[in-house]
Amino acid sequence: MRRPLVAGNWKMHGTRASVAELIEGLRRQELPVEVDVAVFPSSLHVTQVVEGLAGKAVKVGAQDCAAQVEQGALTGELAVSQLVDGGCELVLVGHSERRLILGESDEVVVSKFAAVQKAGLTPVLCVGETREQREANATLGVVGGQLAAVIDALGVQALNNAVVAYEPVWAIGTGLTATPEQAQEVHAAIRAQVAQLDAQVASELRILYGGSVKAASAAELFGMQDIDGGLVGGASLNADEFGAICRAAGN
């Protein structure tokens, strides 16, 4: 039985004051014990969040990292070892905003994925298609290719200590969301792709849905067989909304 995971990606949001308010709101939430919960603040606020949520069953992750574990001369980047030191347990890799806006290639994503695992943290591999790719019926090919880049380079066993998040790019921050059936189709295809190589890895792999997840839509999405939780964007900046999404995963 796969344990649900709900992860909040705060993206490039927050001041020390607003993050303190969000921490306080999260501390008030009754979170289901059967659901793993994580938040991904900006790197500037990681320490504040780790300290503020101490004793609360919420893991803290980083939104990105350098493609190396060790510290070194790489201005503006964060080595994975620094994230370990800061209290992070997970790291997002390959988020669509980094792929599309910042030009991160599959090769860069693979390098970051490997560095995160080498340091003992859990990578959350983001995959997804654009509106144009969906309209061209290329969704499964695009998503499958992004997943295959990691498997081909590191082996299917690399997914044993990893999470995959399917995020249809056309649904991120747009208010649009894939229907539960659309999301399930892609999640099932991801699991089937992994199962062709290792059935046990596939059965244990947690696959999250990320694309304008809201409390109102969460229960129906999470009710799908191959959807194991959510990577939540804007809604995670509201503690009550995020708490409701977490509770939906527990139901």
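The backbone N, Cα and C atoms fix where each Cβ goes, glycine too.
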Study note, to complete from the structure: From candidates GLY52, GLY55, GLY155, GLY173, Swiss-Prot puts in the same substrate site as ASN9, TRP10, LYS11, SER212, GLY233, GLY234 the residue GLY173
Revision key, fill the gap. Within 10 A of the CB of GLU167 (active site, proton acceptor), the number of other CB atoms across every chain shown is 27
Practice item. Fill in the CA-CA distance, GLY233 (substrate binding site) to HIS95 (active site, electrophile), as an integer in Å. Key: 12
Practice item. Compute the mean position of the Cβ atoms of ASN9, TRP10, LYS11, GLY173, SER212, GLY233, GLY234, which form the recorded substrate site, and then list in sequence order the other residues of that chain whose Cβ is within 8 Å of it. Key: ILE172, VAL232, ALA235, SER236, LEU237
